[in-house]
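What follows is one structure encoded as structure tokens, with my remarks underneath.
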Amino acid sequence: MDRSTFTQQVESVERNVAFLQQEHRILLSGLRLEIRNLKKRCNELSCELSERAPVKSREGKYQISQDSSLSHMFPQLHVFTDIELEEELLQARLLETEQHLAEEESTLVELRSELRKKGALASALQVRLRDEERRFLEELKRRSHKITTLSRDLRKQTDLAAQLSFQLHSAQFRLYHQTEDYEEEDEEEEDEGGTMQESEWTANSPWTSPVLAESPRQSRASGRVRRSERVRECVPRERVLGPEEARPMPDPALFLYPFRHRLLPLHRSLGGHWREGGLSRMPEARIGRFRDRPLREDIGPETTEL
């Protein structure tokens, strides 16, 4: 905005200087024309005076001019007085014109000095503007370089976060499968330990109670629960705090009893092992997995009722 105002001021000063120069040229041409006319008139008057006889004394001229009655007798004296008056008027006008011309020249000098000052100020403003533009370009370049560096760092951090997330998921997957393998190995070991005692158990117990047969399934279910809890420990906390997975409905076979077992006495149903406190003292490995194992051949098909 300062630059535009300064430019407008410079233009206005230049217009004023041009106008004054034009007026000065017009005035000088008019003065030259007037001086030429006056010189021509003076030459004519001097020629007329040289043709006529000059007056001998000033005193006689003064008396003749004072006496209006004798003017018709000396017409050359009247012409001489008119010439003097005209010369005086022209001299006064010339002095006035010279004074006005001097004033115009002084004004023109002042305007030129002011124009010189404005030009110096304009050059200083241009230098300052170039410096500011250079600093702005340097700052813009520095910021663009900084933005490029930050974007590169952000891209590296994003890649690193993605790589770490992938490694975390891979570790969770491996841990999940390792826990499954460990549980399967434990179950296989338990199955092997239970098969060694199946012969003794089958020799002493003609029938198998569903409650005892469900204990291995409960152990498997508890193993699955423990495995799921271990897996949930590896999952991020925001996922752990979410709704838990739906657990399966408990097996209704726990509440169903075979009809044949209810007709038998208590001491014969489990071959003498079903006594008060006998089941609690029985080792879990000896109970085994008899749910899918068939009973003796002499037992017919079982029926269950509520």
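The backbone N, Cα and C atoms fix where each Cβ goes, glycine too.
Just so you know, TrEMBL annotations never went through curation; they're auto-generated.
The annotation coiled coil is assigned in TrEMBL to 3-48 (among others).
The feature domain 'CCDC92/74 N-terminal' is assigned by TrEMBL to 8-60. Taken together, the residues in the domain 'CCDC92/74 N-terminal' (8-60) have a mean pLDDT of 77 on the 0 to 100 scale.
If you look up TrEMBL, you'll see 85-114 (among others) marked as coiled coil. Outside the coiled coil (85-114) by six or more residues, the chain places 13, 16-17, 20-21, 23-24, 27-28, 31, 34-35, 38, 41-42 with a CB less than 8 A from a CB of the stretch.
According to TrEMBL, the region 'Disordered' annotation covers 180-229.
The compositional bias 'Acidic residues' annotation in TrEMBL covers 181-193.
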DSSP residue counts for the domain 'CCDC92/74 N-terminal' (8-60), split into helix, strand and coil: 47 helix, 0 strand, 6 coil
